[in-house]
Amino acid sequence: MIISASTDYRAAAQRKLPPFLFHYIDGGAYAEYTLRRNVEDLSAIALRQRVLKNMSELSLETRLFDETLAMPVALAPVGLTGMYARRGEVQAARAAAAKGVPFTLSTVSVCPIEEVAPAIDRPMWFQLYVLKDRGFMRNALERAKAAGVTTLVFTVDMPVPGARYRDAHSGMSGPYAAPRRILQAMTHPAWAWDVGLLGKPHDLGNISAYRGNPTGLEDYIGWLGANFDPSISWKDLEWIREFWDGPMVIKGILDPEDARDAVKFGADGIVVSNHGGRQLDGVLSSARALPAIADAVKGELAILADSGIRTGLDVVRMIALGADSVLLGRAFVYALAAAGEAGVRNLLELIEKEMRVAMVLTGAKSIGEISADSLVRELGA
């Protein structure tokens, strides 16, 4: 299959992956309304073309949490990344490091912190949930520190798991899920060999290291479901500050009031996010939520955004709407599933090229020059 655009990797991933894995990353919550609007709302934003601006000098570099990024992009935390390619978190982290952008390891990764961190030559980020098992949380923070993690991404929009109906249809969950997954793997021999056989162990490395026994796919939903904590409040974040003195980014902000509370708390950054449409269906897309949040807290902390970003044009749109940087989730997992580390590197190169074209043709010579003036109109205008 020819890959000529960043969006081509989705079809390539679907061909290679067993359905339960493809639909797990591709799907969203309930009727997937927000999942669709994330992409549609971004695509509806028109950029303002400008010409004859002498764009011979152009820089995509940006500074974030005392790090220099080659472009305002980081790879988002995605659970079970290691099921999409052999030791997938390591491959994705290497690709990100090679392109000069951060990689964020998920709490529920296949590869543990201690396997991923030594594989790259730049510090990585780590994502953590609020869980009932505070001992696990403290253990994860201590291990992250020891591994040289620089930035903590704290996910706050999962006090309960979202209802992802597509998972039950595809075999990720629901009746007879385990035998259905086995049958699907048998009809996808390339994945079965590369990941199913050579990619073992298939446990959740960060959790297994704490529990002292493997935490396999069968335990994944049960363990998380039993440990998500609906009593989460800002006091829990204060408790985390006792164990983490580095940059802390709060992921899952969609309302300006919550953004202001993050400033009061002393967060270093927020991620404007609806969890890729995987939690509460019917909420605002990140693109629609971002401008009001930027108006409320721009300059008081770093604003990142995710959900719906598939191309370099989308990155430029999010920056113009008020983000300082973005997180790529599904986009990099599609590329990883299709072509491993090389696929993720190529995806980032395509994103960079698309950004350069957009910046040249909107007259923005640096990331700092991308603003609302780069847009023909704002959403809803």
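Every residue, even glycine, has its Cβ placed from backbone N, Cα and C.
Together with Tyr24, Tyr129, Arg278, Swiss-Prot lists one candidate of Arg94, Arg164, Arg310 for binding substrate, that being Arg164. Nearest to Met318 (FMN binding site) in space, judged by Cα atoms and limited to the recorded positions Tyr24, Tyr129, Arg164, His275, Arg278, is His275. Checking the binding-site residues (Asp306, Asp314, Gly322) against His275 (active site, proton acceptor) with a 10 Å Cα-Cα cut-off leaves Asp306. Of all Cβ atoms in the shown protein chains, 25 besides its own fall within 10 Å of the Cβ of Arg278 (substrate binding site).
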